[in-house]
């Protein structure tokens, strides 16, 4: 065994690397947490250690080390990794990895290593061998200058100035010749022939010399150009001219010189050929967003109609109470109670709609402010903050890997600085199928993403793009587009085939390896003298492609490898990109398209599967999201987080920029999240079950945006990381008095401004060195966030990077200087990933505030609503971003049963909220009054179903008994009924006007409101009461995501599929009872001596109203059109007639004795 160790006594992390043939594994023994204090005497920065890796000849697929084995002598090679300290915003140290070339540029141990670990186990790094060629950066190819701090292009080929081959650019070479004594910085030998520098290079060097500044007396400077006195150097005279000094000494900082020419000296159009500098402050004053209020011509009548209808309801209910039906008091009493509740429910739903608003963004201002050259950012690097994107999946059978892969591809191709993006896929099922599908996705992304950038493809989901039925040549002008599109389409088809073949490939591979293991076990048994008749139990493992056990879930479900019992897994599929753009190559046998003018870098892509063990509550999706929050804080620490479901892809590549406009505009530091509307594909044109939900997303959410902000709906939302951590906003407003009219403004991050509440948590401010409260808060952070010092140290960094620019903040406010985020990110190393493994362990959240105050909130099946409510309750506000082109698109269940179960889950979560401390009745004064009403209605609306059930049965009871809810259909009752109905229709028309929905959408929403109110909502109330009273736990199955149908398949096949559910019993009963009641009522009236047509008309009208609302439900029970036999309808009609005649026989009409004889009326 060959070994070469260069370890240190202070080495914080030791990684055991062993290799055998094409298989390597690294075992990380006792990884300690990284410190965040650069002045720590035990910091690894105090003694840099060279990192070397040597292959050994030890066999085995995994190091079977435990915690006890780490103290024994191990014959494997130990490699010491230096733990990098994350730089603070006011101190940016240059690490060794940023200034030196990697020792082995052919391999990235981060992107090619599968890290696993968890409870009572060693963190291991399994190096995965891959034949896929990784693109090499310019630095690795020797095309960039090797001098520290220089990234210019180096000499190539025969022009190399030194035989040692040290990469150096022309400028650094001339500087070494002139200042460095003519010695090569690589081999320290003098250059052999200094005169080899060409005349053009000497001329260009002379051009770089400073030109004499024209006399200031020759022109009168603008008021923006002033002579300032030097306060730094006492040797300078009082009238020291800084502007002249900058020119004479080549002193350039930021965008350029204090006075700079256009193109060449003396060629401008200003005074003496000089142009005045642009006004940089003008860009900061231009707003990124604008609020557009609804026209008063629509909003004023809308509010007036609300008042009129409220008054009409008051008079109507008063008249109803004062005029009871003496003949049927029970019928009158039930109707009065239901009508009172309906009026109250309508008021709760309508009040938050008083102040709807629209918002627009200006992306050109965002580009000018954050991606253009400025005084502090001379190269114009992106100064935008980083964004971590979370995608969650749990079951590859219900959520097809191809759907998830298309979502990932749309994220990797989004229009946002590549180095500022990081994508994390949470696989809560620990499936090898999802893992290998993600690896295939990362491979195909190297073709798809450059193609999208080159030709401006929209949408950047390949399945959606290649499947659209419009002209794909529209607005395309490049001659090579058709040829390259054909190549990429063929590559995508092959990619789909590889994804679809993965399940069978994994099964065959696992069977082959398991058979081989059985033969080895039998052979070993024979060598030990055993009998072949004895059964040998060999676990049916799931195997990776390199012949190693998959550390996640096995298909056989063995111990430590089942869905609820497996180790934590982290794999960086794509390593963090370089900070500078990397151009590709021309099309050849290895490259499908010409990418010479395209940036081929890809964002970081990470696979995460948190550890699961029996006996631990993993809190479903909320727990998986919190695991991603902690992992991303250690690996990338983007100050903003976007979360998406696996079936929701980015439809508008500029969506992230539009969302960041709100976060980075003036006042954006008070915004906790930006919610985008959900748009769906694959829904039938008639939208039978209101899957688009446009009334909620385009009416209710726009209205909430005019208050304190929309609710969080679970996907398509950009969060501020600090708000997710449970911190309070920098400023808040408390609302006191009647309807919250008395306002008190609070500054929550001003040092020692006032005594904080018990539930208050202020973020530690980096710039406040004298704030005792901030120091106390910092000491409490480990107790709230866990014992990871790296995670705790990342909190103030994320807070700093998410701040507004200083130019947008007022006096005494905290802001970051422009250009502070235009620096390269800290490189990712093995110790960082090892630390990330520890924070996704199953026991990490014990005795912390994760899920209680920090991150996604636990305890409800609708964790999204509760999480948003907690943020609003702390004083944050949110924004609703409706883009001109849909930001995201996803799928929705179009099957009736799946849709009902989805509504059941939402309604059950609302009942849980109503019976918890998250009820808006207990909201803090920082929540606006109307916002509180909106959240109260979220917990209250399922209880309306009880009164809906009663009111849907009342018309049938009225027809059966011959009575009605009123004594008679008087003119007063009809006028009130007409007024209430007309005002409701007018309100709907005005809502359609200011929201942009259609009348069809509004009617479908009304229909499904009754369908859900008679099926899913009553069941949700029952389940919620059982949980509160009896403690019965509620569990739901994952909603199946439909894959894209193949050619020739029916796109809406699921729509006609009838799957029985207990939720269908109540609506079917209501329909049957009302149809029979209509037949009975008509028969009774026709055979009566004194027919009461008014009561019949009233009962039939309301029964018909119920049946019209339940029509989509009845249509869903019929299945595919034309497949229901006619005999079914015939027998249904005959059965209704028979039952009606039977009722007439049992309860004959009054006033006639010869009811057994038949005669025409």
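From the backbone N, Cα and C atoms, a Cβ is placed for every residue, glycine too.
Curation does not apply to TrEMBL; its annotations are automatic.
The region 'Disordered' annotation in TrEMBL covers 31-71 (among others).
Here TrEMBL flags 36-47 as compositional bias 'Low complexity'.
If you look up TrEMBL, you'll see 48-65 marked as compositional bias 'Polar residues'.
Marked as region 'Disordered' by TrEMBL: 85-105 (among others).
Of all Cβ atoms in the protein chains displayed, 23 besides its own lie within 10 Å of the Cβ of residue 428 (UDP-alpha-D-glucose binding site). Here TrEMBL flags 392, 398, 399, 428, 620 as UDP-alpha-D-glucose binding site.
Annotation comment: TrEMBL describes 428 (among others) as active site.
According to TrEMBL, the active site annotation covers 864 (among others). A 10 Å cutoff on Cβ-Cβ distances gives residue 864 (active site) a total of 24 other Cβ atoms nearby, all chains included.
Among the features that TrEMBL reports, transmembrane segment is placed at 934-958 (among others). Within the chain, the transmembrane segment (934-958) has long-range Cβ neighbours (under 8 A, six or more residues past its boundaries) at 331, 334-335, 337-338, 341-342, 345, 348-349, 352, 700, 704, 707, 711, 865, 869, 872, 907-908, 910-911, 913-914, 918-921, 923, 927, 964-965, 1010, 1012-1014, 1017-1018, 1020-1021, 1024, 1066, 1070, 1073-1074, 1076-1077, 1081, 1095, 1098-1103, 1105-1106.
Summarising the annotation, TrEMBL assigns transmembrane segment to 964-990 (among others).
Annotation comment: TrEMBL describes 1060-1081 (among others) as transmembrane segment.
Summarising the annotation, TrEMBL assigns transmembrane segment to 1093-1114 (among others).
Positions annotated as transmembrane segment by TrEMBL: 1126-1146 (among others).
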At the Cα level, what's the spacing in Å between residue 428 (UDP-alpha-D-glucose binding site) and residue 864 (active site), rounded?
18
Give me the non-local Cβ neighbours of residue 620 (UDP-alpha-D-glucose binding site): same chain, 6+ apart in sequence, Cβ-Cβ under 8 Å, ordered along the sequence.
861, 863
Could you give the Cα-Cα distance between residue 399 (UDP-alpha-D-glucose binding site) and residue 864 (active site), in whole Å?
20
Taking each of the binding-site residues 392, 398, 399 in turn and counting other Cβ atoms within 10 Å of its Cβ, which one has the fewest?
398
List the Cα distance (Å, whole number) between residue 864 (active site) and residue 392 (UDP-alpha-D-glucose binding site).
14
Near the transmembrane segment (1060-1081), which same-chain residues lie under 8 Å Cβ to Cβ, leaving out any that are not at least 6 residues past its ends?
897, 900-901, 904, 949, 952-953, 955-960, 962, 1011, 1014-1016, 1018-1019, 1096, 1099-1100, 1103-1104, 1106-1107, 1110, 1113-1114, 1117, 1136-1137, 1139-1140, 1143-1144
